[in-house]
Amino acid sequence: MAFAKISQVAHYVPEQVVTNHDLAQIMDTNDEWISSRTGIRQRHISRTESTSDLATEVAKKLMAKAGITGEELDFIILATITPDSMMPSTAARVQANIGANKAFAFDLTAACSGFVFALSTAEKFIASGRFQKGLVIGSETLSKAVDWSDRSTAVLFGDGAGGVLLEASEQEHFLAESLNSDGSRSECLTYGHSGLHSPFSDQESADSFLKMDGRTVFDFAIRDVAKSIKQTIDESPIEVTDLDYLLLHQANDRILDKMARKIGVDRAKLPANMMEYGNTSAASIPILLSECVEQGLIPLDGSQTVLLSGFGGGLTWGTLILTI
């Protein structure tokens, strides 16, 4: 039986930093209001780079670290809700940029759960025995999706990309997973046109900015997602005490505080970086993972047992437990 492992990690963020003080110059807000409610103090914003540009930088870093060329890749899966275009896919643009002419490439849309869903999907490709190497990337330019006059959402999000190189392994690394969706609660987090421009339709295109019912999403995370994480651990071959780190979607520092208590783990096992990057949706978990490797918390030698969990629009939520 074939197994998969994460062999390399990388991330990339745009150069421009926008602080809470900067936002206070263009909207009715201040640093204390934002940081006390979210933990966020700044975010990176793309001036000219597209989602595929950010993802391409990550892909190049991954290949350089592994010492491989694009021609050695079998697939590219790119998780995003801010694609360059609906067609072609952002993943296809990345494929062309890095010369991965033998790889199939596609986008996956599962909002802030996107990277977890994409990594789970990629693991199945490797486990089939037909594929040996692939890139899994989360990339977002959310600065293009928010209404910059709406302080309830604009202050939360940032741009960035992160990803992993997934390769075949002789040993098992993926220990447990849980992927979930609940479309009946889809209206609490929306982005994009809900209507159509067509002479054959009576529908009108609705406002396309990202919209969120913050309280509902907050309650969903600390209730449903925490319960799902606990259940995934209970059904896995490990105990909660075996987890070295839990890398959760970086939406809000207060959510992480409550999740740690609900799951029954020390808050120190939940690293955070939303104070530097804001909420980068599908990019948040791979950026955090890459930083943990850079800081030496996760040596990338298979010695650490790590839980990854994303949650967001759809509603969607997903958890993976693996050794890294």
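Glycine too: its Cβ is placed from the backbone N, Cα and C atoms.
For reference, Swiss-Prot has these:
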ACT_SITE  C112  active site
ACT_SITE  H249  active site
REGION    250-254  region 'ACP-binding'
ACT_SITE  N279  active site
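C112 (active site) carries a helical DSSP state (H, G or I). For C112 (active site) paired with H249 (active site), the C-alpha to C-alpha distance reads 7 Å. For H249 (active site) paired with N279 (active site), the C-alpha to C-alpha distance reads 8 Å. Summarising the environment of N279 (active site), the number of other Cβ atoms within 10 Å of its Cβ, over all protein chains shown, is 24. Taken residue by residue, the region 'ACP-binding' (250-254) breaks down under DSSP into 2 helix, 0 strand, 3 coil. Of all Cβ atoms in the shown protein chains, 32 besides its own fall within 10 Å of the Cβ of C112 (active site).
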